[in-house]
Amino acid sequence: MTSQNLLRADVVVIGFGKGGKIAAGTLGRLGRRVVLIERSDQMYGGTCPNVGCVPTKALVHRSGRRRSNDPPQEWFERAVGEVQAITSSFRAGNFEALDGAETITVITGEASFADPHTVVVETGAGPVEVRGETILINTGSEPVIPDLPGLRDSPLTMTNVDLIHTTHLPDRLVVIGGGYLGIEFASIYRRFGSQVTVLEASPRILGREDDDIAAVAEQILTDEGVRIVPGARVLEIRDDDTVVYEKDGREHTLTADAILSATGRQPATAALKLDNAGVRTTASGAVEVDEYLRTAQPHIFALGDVNGGPQFTYISLDDSRIVLDQLIGEGRRTTTDRVAVPQTLFMSPPLATVGLTEKAARAARYRIKVGYQPVADIVAMPRAYIVEETRGAMKFVIDLDTDQILGAALLSVDAQELVNVVALVMRQGVTASALQSSIFTHPSSTEAFNDVIGAVVRSDV
Ligand SMILES: Cc1cc2nc3c(=O)[nH]c(=O)nc-3n(C[C@H](O)[C@H](O)[C@H](O)COP(=O)(O)OP(=O)(O)OC[C@H]3O[C@@H](n4cnc5c(N)ncnc54)[C@H](O)[C@@H]3O)c2cc1C
Ligand SMILES: NC(=O)c1ccc[n+]([C@@H]2O[C@H](COP(=O)([O-])OP(=O)(O)OC[C@H]3O[C@@H](n4cnc5c(N)ncnc54)[C@H](O)[C@@H]3O)[C@@H](O)[C@H]2O)c1
């Protein structure tokens, strides 16, 4: 290597994901020499702003604004154009924020390890070698396309990345997998005007949730026209466009204009040549880390989806707090500190959950009471009527002995905001009674808590 294609850095970050960019920015501002490597110039900022959270939620918003007489294809094309304008401005902002800093260099190309301190980057202008004292792996995850006959070869098979970029609204969309990604896309495309069928292998979608909440969510999707087929075993894709599946012992076929593979995402480690660095992986292919996110090599850390933790942007962000605490802090923060981590499935209205479900609380032998109300019946929350979104239900699972909230499921307008309040309350040990009798602004969605927590439908007393 000549001096031109050999770089030395205090910190090398592989992958421009959430955790990596926060760590890179923080360390760069402190004067560390940072090299951040991203394999695609279309991915500065990572999955979330480019092909994940941001574009999907922007499409949720725009699909909801379409009126029934708006021409679907035109409306869709305009929405995709607007969303691409947002993502490209975020991408440019992400690049500039790091590459514009004096101490940080962004290199575009695929990285792999040559040895524990050396990374080789295949750039458009040839290989570049980067040697670092500390290395952060933040390469995210990639969609798993199941090995079903015809699926990988069909020109109609798409991932979230393909669907985010396509400007043609498919008449018939078949979604394989009814998890977070599958349900969000099903809801979006149905609202844009596609006929959507979700084929889910499990006996039910939203299998982690309690039956009452899952049933309300499924009803909302079904009422919007999404066809959900649980217990479906996809057998093959025949002649590129015919999805053959089995349910209850009988074979069925569906013709599709697009097939979305939404059966989960696996850690992106294949290109990294981790063996050269002495970094181990788990059975599921994730980079093996301890609770401080250190790999088998103490100077190499892994953040975000690639370490096999929960696949959410805010977890990758929290991973960066742990790694920064190791590098420039007190070294105390760990993944085991996390309590009451909420999550939101952005169907319309959103389903936000935190903590234990009723069934999990019972399995853990808590004595509980359950507050539950359909949103339309929550007198304290006129906001649902004001914004014309009265669908859904709210549920609280409360420990009878301590009055602590064990969990909540909020299927409601504004649920993605409400759940953060509940999570904070749970983390701080505020009682359910205190939350119920709190002063909230009016008219707001938070006011619902004044009613729902006291609307006890079951109690172990
Ligand atoms: C459609 C969709 C919707 C989602 N919606 C939400 C949501 O609403 N809320 C939420 O919290 N989470 C959501 N997620 C999950 C969230 O996007 C991820 O958990 C998060 O982006 C993971 O961030 P990360 O830091 O692990 O890495 P990523 O953001 O995935 O970044 C990794 C980067 O590394 C690069 N890379 C990979 N290999 C190499 C290599 N060898 N060399 C160089 N670069 C490499 C990749 O190109 C990528 O840019 C969604 C995901 C998807 C797919
Ligand atoms: N709003 C959000 O926060 C958000 C949105 C989208 C994705 N994500 C993240 O991305 C991750 C990946 O999402 P995902 O939905 O792809 O994965 P997932 O693991 O959440 O769901 C995959 C679903 O596919 C089903 N499945 C698997 N193989 C199948 C097959 N052959 N036929 C039919 N069904 C099959 C599984 O039973 C499961 O229900 C999520 O776990 C989540 O962490 C988050």
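A Cβ is built for glycine as well, from the same backbone N, Cα and C atoms used for every other residue.
Here is what TrEMBL records for this protein:
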- H442: active site, proton acceptor (ACT_SITE)
- K57, T139, G140, S141: FAD binding site (BINDING)
- G177, G178, G179, Y180, L181, G182, I183, E184, E200, G264, D305: NAD(+) binding site (BINDING)
- C48-C53: disulfide bond (DISULFID)
- 10-315: domain 'FAD/NAD(P)-binding' (DOMAIN)
- 341-451: domain 'Pyridine nucleotide-disulphide oxidoreductase dimerisation' (DOMAIN)
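Structure with TrEMBL features highlighted.
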residue : record                       : contacts (Cβ under 8 Å, 6+ apart)
C48     : disulfide bond               : G17, K18, V54, T313
C53     : disulfide bond               : T47, T313
K57     : FAD binding site             : F346
T139    : FAD binding site             : I14, G15, G17, P267, A268, T269, A271, L272, G304, V306
G140    : FAD binding site             : G15, G17, G46, T47, P267, A268, G304, D305, V306
G177    : NAD(+) binding site          : V198, L199, E200, A201, L260, S261, A262, T263, G264
L181    : NAD(+) binding site          : N160, A262, R265
I183    : NAD(+) binding site          : V198, I205, L206, L221, L345, M347
H442    : active site, proton acceptor : none
I'd like to verify something. Among the recorded positions G140, G177, H442, which ones have a C-beta closer than 6 angstroms to some atom of ligand 1?
G140
Annotated binding-site residues K57, T139, S141, D305, filtered by Cβ under 6 Å to ligand 2:
none
Near the Cβ of D305 (NAD(+) binding site), how many other Cβ atoms are there if near means within 10 Å?
30
By DSSP, how many residues in the domain 'Pyridine nucleotide-disulphide oxidoreductase dimerisation' (341-451) are helix, how many strand, and how many coil?
36 helix, 31 strand, 44 coil
Would you count the other CB atoms within 10 A of the CB of G179 (NAD(+) binding site), including those on all shown protein chains?
20
Give the distance between the Cα atoms of G179 (NAD(+) binding site) and S141 (FAD binding site), rounded to the nearest whole Å.
16
For S141 (FAD binding site), what is the secondary structure by DSSP, using just helix, strand and coil?
strand
